[in-house]
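Listed features, source Swiss-Prot:
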- HIS52, HIS54, HIS109, ASP126: Zn(2+) 1 binding site (BINDING)
- ASP56, HIS57, ASP126, HIS166: Zn(2+) 2 binding site (BINDING)
Amino acid sequence: MIFDRRRYGKDNYTYLLAAGGDAALVDPGDPDAALALAAAHGVRPRWILHTHGHADHTGGTAAVARALGAQVLGHGGDAARYRPDVDLAGRAEVALGALALRVHPVPGHTPGSVLLEWEGRLLTGDTLFWAGCGNCRHGGDPARLAESFLGPIARLDGGLEVHPGHDYAAPNLAFALALEPDGAAARARLAEVEAAHAAGLEPAPSTLAGERAVNPFLRLDAPGVAAAVARAEPSAAAAGPARRFVALRALRDRA
């Protein structure tokens, strides 16, 4: 079994999954990076999966699909941005040879955003970041993102490893600590991330349980987070969690 990632651009990740002679690439935004990742492991992926349709995640898809003869899978909710060969809408699971993945629709960052679960790992695209969540400035809807966080994401097992589409961990953790200055878990995670960056390494993945200890968007009821939302938008303080989530996302947009 192979699970690996490669950074491209400033902070994007593409991922490789392989088992039993079958392999897939996830979010090959840069064709050279994606093909090099597959070549480094001596595999020829037959499938390309997308967490969502933004160009920094799909920009290399056509070239990689041509080079490998690979089939492209993605959620039809983002069909205005790209056209997958196989629509994941309505599919809770997908079997790709020896690879069996669970598909969790999480609209918000884009209409067709999904989380891909494989062997205890959760590929979260731009929906759930380490210590943060994706913005909704490019075709998204913060109210729908709130529903995804409060519904399907809240129900997922805490032991799942979180593998996002970008490494925004340091600025996200700085924002989290601005809301909760005494957050020991966030401070420890930031030190870990900064040490990895200083050594030229990639940060270790977190888990959903770890995210629930540091990520403000999973901590709406924490006193520091609730107080920050109340200061920024007093009318949201007494509202339900979805309204507080939207207010927190707006606060993060201004940070």
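Note that Cβ sites are derived from N, Cα and C of the backbone, with glycine treated the same way.
A map of Swiss-Prot features onto the structure.
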residue: HIS52; record: Zn(2+) 1 binding site; Cβ neighbours (10 Å): 29
residue: HIS54; record: Zn(2+) 1 binding site; Cβ neighbours (10 Å): 24
residue: ASP56; record: Zn(2+) 2 binding site; Cβ neighbours (10 Å): 17
residue: HIS57; record: Zn(2+) 2 binding site; Cβ neighbours (10 Å): 28
residue: HIS109; record: Zn(2+) 1 binding site; Cβ neighbours (10 Å): 29
residue: ASP126; record: Zn(2+) 1 binding site; Cβ neighbours (10 Å): 25
residue: HIS166; record: Zn(2+) 2 binding site; Cβ neighbours (10 Å): 21
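In the three-state DSSP classification, HIS166 (Zn(2+) 2 binding site) falls within a strand. Within 10 Å of HIS166 (Zn(2+) 2 binding site), as judged by C-alpha distances, no binding-site residues are found among HIS52, HIS54, HIS109. Taking CA atoms as the reference points, HIS57 (Zn(2+) 2 binding site) and ASP126 (Zn(2+) 1 binding site) are 9 Å apart.
Listed in sequence order, the residues THR51, GLY53, HIS57, THR110, SER113, GLY125, THR127, GLY134, HIS138, GLY140, GLY165 complete the 8 Å Cβ shell around the Zn(2+) 1 site centroid, once HIS52, HIS54, HIS109, ASP126 themselves are left out.
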